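Colleague: The structure is given below, and queries will be raised subsequently.
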2 protein chains.
Amino acid sequence: MRGTVGELGEFGLIRELTSRLTTTEAVRLGPGDDAAVVAAPDRRVVASTDVLLEGRHFRRDWSTAYDVGRKAAAQNLADIAAMGAVPTALLLGLVVPASLAATWPVELMDGIRDECQVAGAAVVGGDVVGGDAITVAITALGDLGGREAVTRSGARPGDVVAVTGWLGWSAAGYAVLSRGFRSPRAFVEAHRRPEPPYHAGPAAADLGATAMTDVSDGLVADLGHIAAASGVHIDLRSADVDVPAQMHDIGQAVGVDPLHWVLTGGEDHAIVATFPPDTKLPARWRVIGAVSPTSGPPLVTVDGAPWDEAGGWDHFTHG
Amino acid sequence: MRGTVGELGEFGLIRELTSRLTTTEAVRLGPGDDAAVVAAPDRRVVASTDVLLEGRHFRRDWSTAYDVGRKAAAQNLADIAAMGAVPTALLLGLVVPASLAATWPVELMDGIRDECQVAGAAVVGGDVVGGDAITVAITALGDLGGREAVTRSGARPGDVVAVTGWLGWSAAGYAVLSRGFRSPRAFVEAHRRPEPPYHAGPAAADLGATAMTDVSDGLVADLGHIAAASGVHIDLRSADVDVPAQMHDIGQAVGVDPLHWVLTGGEDHAIVATFPPDTKLPARWRVIGAVSPTSGPPLVTVDGAPWDEAGGWDHFTHG
C-alpha cells in the first residue's frame with residue numbers, strides 16, 4: 001500500500017482495516033453497522049478500556065506498528081482474563097494524523113487481529129479519526145462462562161500469593177532500549193510484544209482464586225491494589241521470585257538490581273492471584289508470598305520490609 | 001475543586017471521576033477492578049466505539065465540559081439504540097493534558113453520567129491518561145432483549161422510510177455559532193447537547209423495522225449507507241421532511257437553504273428506519289420517503305433527483 005492516511009481517506013482506511021479482519025463464532029455482527037453484536041452466553045459481559053498514546057506508551061522508533069497492535073490488544077485482553085473470563089471481542093478507537101503512512105494503521109490492525117486470535121477473540125468494531133497524536137483506545141469484551149468474576153477484593157488471610165507468566169522482562173527490555181541497545185533480543189522482544197497467559201485467568205478462577213489481577217503497573221503495585229481492595233497485608237518472599245540468569249547479566253551491565261524489574265516492571269501482563277492455602281496449583285504457577293491480616297493500612301512488603309520503590313505508575317507525574 | 005489535572009494526579013482524578021457515578025441493576029461490577037461486569041440477559045451484547053477530539057468534534061469555547069460529556073455519550077448510546085437495543089453501559093477512555101483544570105474532566109463525567117441515565121445506562125469503567133490533545137473515546141454496550149438486531153442491510157423495495165427525533169437542529173446551531181452568534185438558543189442548545197430518541201430504536205425493532213441507523217453523518221449520507229448495504233434505491237420527498245419555521249429564519253439570516261441542514265446535518269442523532277409499507281407507525285415517526293429497486297448502483301435521491309451535497313463527512317479531507 002502507498003500513500004498517507006489522508007490520501008486514503010477515512011472511509012478508505014476503514015475499508016482497508018476491516019478487510020483484514022477475521023471472525024469467530026462469537027461474532028454475530030462484525031464491523032460496518034452502527035454497532036457490533038457479540039455472543040454473551042453467560043448473560044454477563046466483562047468489559048475493559050485502555051488508551052495508549054504515542055510517546056507515552058509506545059515509540060515508533062522502538063516498536064513496529066504491528067508490535068504496538070499486539071501490545072495494545074494484549075494489555076486489554078489480559079484485563080479480561082484477569083477477571084476469570086475468556087476474551088471474545090475487541091473494539092478499536094484510533095486517532096491518526098493525515099500525514100501518517102497508511103501502512104502504519106494497517107499493520108497496527110494486523111497486530112491487534114493476531115493478538116486477538118491468540119486470545120480467541122476478534123475485532124468487531126471501531127472508529128478512526130484524524131488528529132495530531134497517534135492514540136489507540138481499545139475496549140475488550142469477555143465471557144465468564146458461568147464463573148464468578150475474580151475481583152481484587154477477595155484475598156483472605158492465610159491465602160497464598162501465586163503468579164504465572166513473565167515478570168520484569170518488558171522492564172529489562174525497556175532498560176536495554178533506553179540505553180540505545182537492541183539486544184538481548186528476548187527482553188527487547190518482551191518489551192515490544194508481551195505474552196500474557198490468557199488461559200491462566202479462567203483456569204485460576206476454576207481453581208478457586210480469591211483475588212486476581214494482571215501485572216500492568218508492576219508486581220508490588222498491583223498486589224497493592226489487591227491488598228487495598230481486600231483489606232489485607234501481603235508479604236512477598238524475594239527468594240521465591242524467579243529472576244532469570246540473563247536478567248542478572250543485563251542488570252550488571254546497566255547497573256540495576258534485576259529484582260527491581262521483576263517487582264516493579266509492568267507491561268508483561270503476568271497474572272497474579274491469591275488462592276486458599278491448600279490449592280493444588282498447576283506447574284506454571286509459582287507461589288511467591290502469603291496473605292495475612294493487617295492491623296494498620298493494607299500493605300505489601302518484600303521479605304517483611306516495605307519495598308521502597310513500590311507504588312503505581314502515575315501518568316501525569318512520571319510520564 | 002481547585003487545581004489542574006496534573007496536580008490531582010492520575011489516581012486522584014480517577015477517584016474523583018468514579019465517585020460521581022451512579023449505577024443500575026445491570027451493573028454487576030463497576031469501575032475499580034481490571035474490568036467491569038455488565039448483565040447481558042439476551043446472551044448477546046451490542047457494542048460500539050466512537051472517538052471525539054477537541055477542535056475537531058467539540059470546542060471548549062463553544063461547549064462546556066458537561067455538554068461535551070452529554071454529546072459524547074449521546075452519540076454512542078444512539079448507535080446502540082439504532083440497532084434495536086437498550087443501552088446498558090458505557091466505558092470512557094480519556095486523554096487530558098496535565099495543565100487542564102481538574103474541573104473539566106469532572107464536569108465531562110457528570111455530563112456522560114447524566115446522558116447515560118437518560119438512556120437507562122451507567123458508566124462502568126474507563127482509563128485516563130495524560131496527553132496533549134483532549135480525546136474522549138467512548139464504548140457503549142446494550143442489550144437486544146430478544147429482538148433481532150436491525151442492521152443497515154435489510155431495506156426492501158416497497159418499504160417506507162421514516163424518521164423520528166430532530167434533524168438539522170445541530171447543524172443550524174453550528175451555523176449560528178460559527179458566525180459568532182449565541183442564539184437562537186434552541187438551535188445552539190441542540191448543537192451542544194443532542195437529544196436522541198433512544199426509546200425509538202427498540203420500539204422500531206418491535207414494529208418490524210427492516211433497516212435502521214442513527215443520523216450522525218446527515219440524513220442523505222446515512223440513508224446512503226442503508227441503500228448501499230441493502231442494495232436498493234431510496235427516494236426522499238422533501239415536502240414531507242419537516243423544516244421548522246424558525247430554521248427558515250436562521251437560513252435567511254445566514255444565507256443557507258435550511259433544507260440543507262435537515263438533509264445533510266449530522267449530530268442530532270435522529271433515528272431513521274425502513275418499514276414494510278403497511279406498518280402502523282406511532283405519531284412521532286414521519287414517513288419521508290420510499291425504497292425501490294435499483295438497476296444501477298445504490299442511490300439516495302431527493303424528489304427523484306440526486307442531492308448534490310450528499311456524501312459523508314470525511315474526517316481527513318474535510319476536518
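From the backbone N, Cα and C atoms, a Cβ is placed for every residue, glycine too.
Keep in mind that TrEMBL annotations are predicted by a computer and have not been checked by a curator.
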Colleague: Same Mg(2+) 3 site as B:Asp34, B:Asp79 according to TrEMBL: which of B:Asp206, B:Asp214, B:Asp217?
Modeller: B:Asp214
Colleague: Drop a 10 Å sphere on every Cβ of the binding-site residues B:Asp79, B:Asp127, B:Asp214, B:Asp217 and tell me which sphere holds the fewest other Cβ atoms.
Modeller: B:Asp217
Colleague: Using all protein chains shown, find which of the binding-site residues B:Asp34, B:Asp50, B:Glu267 scores highest when you count other CB atoms within 10 A of its CB.
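Modeller: Selected residue: B:Asp34.
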Colleague: Given B:Asp127 (Mg(2+) 1 binding site) and B:Glu267 (substrate binding site), what distance in Å do their CA atoms have, once rounded to a whole number?
Modeller: 25
Colleague: Write out the long-range same-chain contacts of B:Arg152 (ATP binding site), meaning residues 6 or more apart in sequence whose Cβ is under 8 Å from its Cβ.
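Modeller: Sequence-distant Cβ neighbours: B:Ala211, B:Met212, B:Thr213, B:His225, B:Ile226, B:Ala228, B:Ala229, B:Ser230.
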Colleague: Check the DSSP secondary structure of B:Asp79 (Mg(2+) 4 binding site), expressed as helix, strand or coil.
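Modeller: Reduced to three states, the DSSP call for B:Asp79 (Mg(2+) 4 binding site) is helix.
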Colleague: In Å, how long is the longest CA to CA span across B:Gly126, B:Asp127, B:Arg152, B:Ser216, which the record gives as the ATP binders?
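Modeller: Of all Cα pairs among the recorded ATP binders, the widest measures 31 Å.
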Colleague: What binding-site residues in the list B:Asp34, B:Ser48, B:Glu267 lie within 10 angstroms of B:Ser216 (ATP binding site), counting C-alpha atoms?
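Modeller: So the list reads B:Glu267.
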Colleague: Just to verify a number: CA distance, B:Asp50 (Mg(2+) 1 binding site) to B:Asp34 (Mg(2+) 4 binding site), in angstrom, no decimals.
Modeller: 22
Colleague: Listed in sequence order, which of the binding-site residues B:Gly126, B:Asp217, B:Glu267 sit with a CB under 8 A of chain A?
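Modeller: Listed in sequence order, the binding-site residues near chain A are B:Gly126.
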